[in-house]
Amino acid sequence: MRRDLRVPWSLLPWVFPVLAALYALHASGTPDREIVLYGAYFLLVVVLPGTLVFRALFGSRGNWPEDLGLGAATGLVVTLAGWALGAALNLQDYLIAWPLLVVLPFAVVPRLWRHWRCGPGERLPLRWSWAMAAVLVGVAGWAATAFQTPLPPVTLEYYPDLYYHLALVHEMMRSMPFQVPQLAGDPLRYHYLSDADIATASMVTGIAPTTVLLRLWLIPIVSVAVFVFAVLARNLTGRWWAGPLAAAGAFLGQAMSLGSAVPTFFATAPVTVNSPSQTFAMPLIGLFAVLATDRLRGRGLGWGWAFLPLLAVACAGAKSSVLPPLAAGLALSGFVTLCRRKLPWAAAGLLAAAGFGMAVGLKLFAGGGAGVLEPQALSVLGWLEPYRDTLGVADGVVRNGWVPLGVGNADVAGRWFVAWVVLWALLLQAPRLFGLVRPRGATRTDPAFPLIAGIVLAGTGAAWVMWHPSASNLYFFAAAQPFGAALIVWALADRVRGWRVPVAGLVAGALCELLLPSVSAPVRETVGNWAWTLGVPMMRAAAVTATAILLVVLIWRRRGARAVPAALLAAMIGASLAGGIGWTVETVADPPVKPPNPRVVVRAAEMSAAFWLDEHAGRDDVVATNVHCMPMRVRVCNARAFWVAGLGGRRTLVESWAYSDKTVADNGKNGLKYFYQPAPEPGVYQLNQRVFTQADPADLSRLRDEYGVRWLFADTRAGVVSPALPAVADLRYSQGPVTVYELR
């Protein structure tokens, strides 16, 4: 009887994150039918096939939550495989059959029936389920902050990259080879597999891509990442509580603030609605790390070796910055093993799989002018206000030497200031970096330690020694962030046996983060003023910490002194969680009010016109538009509009070119950043513009016959539109400033 009652009680914790997710989606205007439909899709198309494949390749973990979490991550790869086949063979309309084909062998082959059941292994305590449920409720709350932006059509300023990704989602619904949707005909080289995943969900369910991207997709993907990194942390430490704590630190925590006037570099979590690629990469790279940890510790992978190269390609196609730190960690683990006079066959095999993924990724997803990463030490300083507004004011938009100009030209006092800013920035990242402390006990010889430590070191190092015009080098650090969270929990687990010390440390760190008074940025931005502004919060935190340590040692003597290192590690984790969760609670309770900027908003009428185009144009039709810049009608064009292709769902002859290979490669030309550069093909651009301003029938014939254009999307906010257009093209739709024409 008791055993029968255990199943409902074990399911009870998971009710709360489901309810939290449903509430967050419903309250943000997501249609209830689409919430249920997407939930069914994710369970039946992603989780179910993925779990069966994972168990067949790697075996069961011995409990349902971890099997389903790792199975969901595997299911993302399985789903991408089906999408790739459909896009290659022009069979996208039959994608619903792919999960059926995957599941069918498990239903009809008797030897595979066992994979429907949980295999032998370590069961998880009910406390683990409650802790994980709490983390997932936090994820739903965090997602609610992103859901405060209403769904289109609405007069609003969306982050431009969201339009860019929406255009890629529509592109992923077409057949290979893919093109840049804002520059029809240009080959697409970008890490677009997150967009492919969103496109697959939209094609299978019939839900609009805007709803999938802006609402439905985020919580499931981050939740899978939470489970994967919880498995990794439990594997590393052998402690049940390490999983939820590491997952919370990775995806709910942030860098410490301690009252600082400005945040440090990449202070937020490594997932965001504004970067689907970064978010999608997290469960994939976490799954690779879980499997790598198992293999380095001697667990065989069997047929799973065949899956690893596919997983590596998926990682590279999700975000190109996640595999290099992993490869560095594998190389370090192999080197350490070799130094111990053992042949590192496991590390070599894993490194080969990661290398295969990077090689294929370089061919399929990267390259060209977009690959503008160059070496420059301390380039991160340019994105930190204390340096940027003092020594870095003349650094410019291009890479100037091996260090930034402000660093190279600094006097002695300036160099001390640079050192202080670097130290300050790294200290605030303690919850992601201090797991690198000297390992203890069996961890010293564990081949998994150099793997995880190598990932953290390589990701942090690459961020600080590489340069990119938009600081994309920081994504190397973002790739390492959740591993840093797992590593510091591992360091804590190695130093504690009971619960009192870590709990006391967590509470103390949280109180410091929440209660230490904040300072303001200096009115007069000088090196001296900024040095003092950065120093005051750090001195306060140091004084509080020293006082607490002194009291502990005086009261508990030697036992208290032994507990100090563990308490400090726990305090860093507590401060990180308090900052992240506190921000979420504050943002949900009192959403920031940002009045729309009329110069950069896209109006509801414009969005509606784009949606009309999406409904009536053929999937492969090409559109010409006079929308290129955001804001519109400016002397120097910031070519990041993207919304015509994004909301209209069709390739455009020339819309916005900011992220094209040639444009990014031209960064700094004539003193302009890459998104201010002119159109990469001036002749095509001028022809496109003449059509709207002059309505010459010969130009329209060229658009139709040479470039395959079928539709014109004319917006009077973007520029002059000739009144003669209705005489040479068929008017199909008009609302607000937009008129849509079909070429004859």
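Backbone N, Cα and C atoms are what each Cβ position is placed from, and that goes for glycine too.
TrEMBL does not curate its annotations; it predicts them automatically.
When the ranges 164-180, 300-316 are checked against TrEMBL, the one recorded as transmembrane segment is 300-316. The transmembrane segment (417-436) and the transmembrane segment (37-58) are not in contact, since fewer than 3 Cβ pairs between them lie under 8 Å (pairs 6 or more apart in sequence). Take the transmembrane segment (37-58) and the stretches 245-269, 300-316, 448-467, 499-518, 538-556: counting Cβ pairs under 8 Å, 300-316 has the most. The transmembrane segment (563-585) and the transmembrane segment (499-518) are in contact, since at least 3 Cβ pairs between them lie under 8 Å (pairs 6 or more apart in sequence). Outside the transmembrane segment (300-316), and at least 6 residues removed from its termini, the chain residues within Cβ reach (under 8 Å) are 56-58, 74, 76-77, 80-81, 191, 193, 281, 284-285, 287-288, 291, 294, 322-323, 326, 349-350, 353-354, 356-358, 360-362, 364-366. Away from its own ends, the transmembrane segment (448-467) comes close to residues 235-236, 265-266, 289, 292-293, 296-297, 321, 324-326, 328-333, 335-336, 373-380, 399, 429, 432-433, 435-436, 439, 473-474, 476-481, 483-484, 486-487, 490 of its chain (Cβ-Cβ under 8 Å, at least six residues beyond either end). Outside the transmembrane segment (245-269) by six or more residues, the chain places 131-132, 134-135, 138-139, 142, 222, 225-227, 229-230, 232-233, 282, 380, 383-386, 424-432, 463, 474, 477-478, 481-482, 485-486, 488-490, 512-513, 516-522, 533-534, 536-538, 540-541, 572-573, 575-577, 579-581, 583-584 with a CB less than 8 A from a CB of the stretch.
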